[in-house]
Amino acid sequence: MSVTQTMNSGVSFRSMAVKPPSHPTYDMKGVIKLALAEDAGDRGDVTCLATIPLDMEVEAHFLAKEDGIVAGISLAEMIFHEVDPSLKVEWSQKDGDHVQKGLQFGKVSGQAHNIVVAERVVLNFMQRMSGIATLTKTMADAAHPACILETRKTAPGLRLVDKWAVLIGGGRNHRMGLFDMVMIKDNHISIAGGIINAIKSVDQYLEQQNLQMEVEVETRTLEEVDEVLRYTSQTKSSLTRIMLDNMVVPLPNGDVDVSMLKDAVEMINGRFETEASGNVTLETVHKIGQTGVSYISSGALTHSVKALDISLKIDTELALKVGRRTKRA
């Protein structure tokens, strides 16, 4: 079941500030069900069953404990709706908005038992997505005029969720998986017996299968870039983008040398999209973005994410009092 078929969990595409990326097989509702089942096991929430009357109703507030970009609001609504369609969720912010430490930015009201059951699953998704969106926003602003991309280095099973958070943070998505873009990397080149052999094989395959899709090739030296340019100037090819891998060279003083990357971009001279990869950090991304490269990809956006601290509190006055004492609100 595709993601677009599973967005009817109480939340419409129209109501979303940023729509999730499309995927032909990803089952968002299935991921939500799996996360809830992981928590409930075969008995359900024994603490709730022991302490909370089933008919008790409460109001709980979302509280930001750090500054950052909030993400996962639309997904949170889907989770609450999956647990209990009668829960009422309201927000003062939307996906992609900046929240400040101490801000109450949303609330959920209804049956206390069901709110507490959904709480941790909602927060786990929101904290991870908000962490990704916050880092993406910082990197995207610094990379301008280049566009920042994530990679396939996502949490297994959370590919679409992670990539959705990148979009919310102002980045763009690279390929969703192995199916929607041809990406000729170093191992493909080695097995094919050279970079031109690999490109030729891709061209033949796409023609035989009557497929049209973006094609990217990874280059690691200026000689490989030149080889690709000479081949594509003489032969019609499906190639659309050239990756310039590890052409950002770290220096002993902590700076980076981007001269090789800049030379490669000048050689390509707009004939193809260009993508810088390797040694991309918060400290280096601005300098990389000034070389004229089209895209900058960073696996760190999703593989090294630091969750943004968010809580859901029923007694918000006491939570704020404790938060002030511990410097967390």
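Placement of Cβ uses the backbone N, Cα and C atoms for every residue, glycine included.
Here is what TrEMBL says about this protein:
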type: DOMAIN; residues: 45-130; note: domain 'Quinolinate phosphoribosyl transferase N-terminal'
type: BINDING; residues: ARG120, THR151, ARG152, LYS153, ARG175, LYS185, GLU218, ASP245, SER277, GLY278, ASN279, SER298, GLY299, ALA300; note: substrate binding site
type: DOMAIN; residues: 132-313; note: domain 'Quinolinate phosphoribosyl transferase C-terminal'
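Around the Cβ of GLU218 (substrate binding site), the number of neighbouring Cβ atoms within 10 Å comes to 22. Secondary structure of the domain 'Quinolinate phosphoribosyl transferase N-terminal' (45-130), assigned with DSSP and counted as helix (H, G, I), strand (E, B) and coil, comes to 36 helix, 24 strand, 26 coil. Cβ neighbours of ARG175 (substrate binding site) (same chain, under 8 Å, six or more residues apart in sequence): ARG152, MET181, MET183, GLU214. Counting every protein chain shown, 21 other Cβ atoms lie within 10 Å of the Cβ of SER277 (substrate binding site). Across the domain 'Quinolinate phosphoribosyl transferase C-terminal' (132-313), the prediction's mean pLDDT works out to 97.
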